[in-house]
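**Q** Pulled from TrEMBL, these are the listed features:
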type: TRANSMEM; residues: B:30-61; note: transmembrane segment
type: TRANSMEM; residues: B:95-115; note: transmembrane segment
type: TRANSMEM; residues: B:127-152; note: transmembrane segment
type: TRANSMEM; residues: B:192-211; note: transmembrane segment
type: TRANSMEM; residues: B:218-237; note: transmembrane segment
type: TRANSMEM; residues: B:243-264; note: transmembrane segment
type: TRANSMEM; residues: B:271-290; note: transmembrane segment
type: TRANSMEM; residues: B:296-314; note: transmembrane segment
Amino acid sequence: MDKNKERLLALCLMAALFLVGAVCYAAYSQEEPNRILLDFGGGQGKVMFGHYEHFEDFDVACIDCHHTAEDELSEMQKCGDCHLKSMPKGDPCVARKDAFHNQCIGCHEDIGMDLACGDCHVK
Amino acid sequence: METNKKFVVSYAPHCHNGDRISKKSYNMMLAALPAVFFGILQYGVAALSVICLCVSTAMAWELLFNRIMKQPPTIGDGNAALTGLILGMLMPPVVPWWVIFTMTFVTILLGKVVYGGMGGNPFNPVVLGYAITRLSWGVFLDVDASLAPGYIFDFNMANPIVAIKSAVWTGAGADAAAAFPPQVLLLGQHCASIGTMFGLGLIVGGLYLIVRGYLRWELCLSYLAGVIVTAALFSAFGPEGKYAGAAFHVLTGFTLIAAFFFMAEDSSTPVNLIPMLIYGIGAGVLTVLIRNIGAYPDGVIYAFLLMNILNPLLDNIRPKALGKVVENE
């Protein structure tokens, strides 16, 4: 194949791939978050939380954690909407780190799972 | 006028199989396809868009720079497409479009164009582009973060190379690695970037490149030997159960794509046998050192950057020239 044909082939490839890439990118919509990554930049590392595993395998209801919702069909608030990194003095709402630790460790202890930091936090 | 050319001074590769650069590029893309297709099959449309955008934007930037610098277009040689494809293979399945555009821009500009184009680059453009993007917007290249929305697989969804990092620090790396047996890693039943999930596909592609003469087996084998021996030494002489074994290190992270595709980049790798062995073993040792005692989960990218810096020095180890100098009497 001579250079001109190679160049033409490359141009066609570039245009076709860009078109496919752009259409696929536009068509792909984010689904409901089944797994969320809790990454607050703490020294212990980030935590991967699986919604699916929790409600399928452990029978946890949405409102067990999203406690502001009235029922399972209500709009769920994000944890970080209220539980800020540090809370103003006198605010009854606990800070984000404590909220997660209380919720996760408390629930796991209730079902007899003794957790070490590295069981949830990964670097 | 004398028109006979007695000496042609050209850049690496000095030893090749007679093929044109375009043939090498397209053959390398062909070799990468099993791993790429598997990744797209697992991750779906999102991964397809990442791969397509990486390849097409890398080509577009090269074309643009050719225009700006008033050079003849070089996208016909397929090198820009190949660079884009390998970059795409290192990506998680969901990446914002602007990260892809910026990454391919940086890769082509700082990896190739500023050195005068292909062959003059001291660093592997893919490695350099990825490292800069990873340092700048690491969270967008994080496989765990990328997989968070929308993906459910019926296998362990932790990214193995990240999962064992914290386990190593708590002294249980071997236990954590046991959750990812070799067959799982070979058959792509684990979470990783698009083109590094399917270990078997990468190995088949790599063997194809070696057989066709596009990849020097000395580089590939010495790198894998460096990884295996260092990981085995850590495993044997480190605290019991702290470090993952050699098979885990070979089959996770970017090890296989580095052994078969980073090593096939001519300009940033040595051309003689002894430098090749030093380069490969050095990169392998550094990879495991960074993984086991360094701060980053995967050491491949920084290991290659460091060895790229060393490469011009290694190339000075040359075979003795044939013949001898005769003093004129």
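Cβ coordinates are placed from backbone N, Cα and C, and glycine is handled just like the others.
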**Q** Between the stretches B:95-115, B:127-152, B:271-290, B:296-314, which wins on the count of C-beta pairs under 8 angstroms to the transmembrane segment (B:30-61)?
**A** B:95-115
**Q** Tally Cβ pairs under 8 Å between the transmembrane segment (B:95-115) and each listed stretch (B:127-152, B:192-211, B:218-237, B:271-290, B:296-314), then give the stretch with the top tally.
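**A** Going through each listed stretch, the top one turns out to be B:127-152.
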**Q** Cβ under 8 Å to the transmembrane segment (B:192-211), counting only same-chain residues 6 or more beyond its ends: which ones?
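**A** Distant contacts of the transmembrane segment (B:192-211): 27-28, 30-40, 42-43, 47, 50-51, 86, 88-93, 143, 159-161, 185-186, 217, 220, 251-254, 256-257, 259-261, 264.
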**Q** In the same chain, which residue numbers or ranges, 6 or more beyond the ends of the transmembrane segment (B:296-314), come under 8 angstroms Cβ to Cβ?
**A** 122-124, 127-128, 130-131, 134, 159, 161-162, 165, 253-255, 258, 262, 268-270, 275, 278-279, 282-284, 286-290
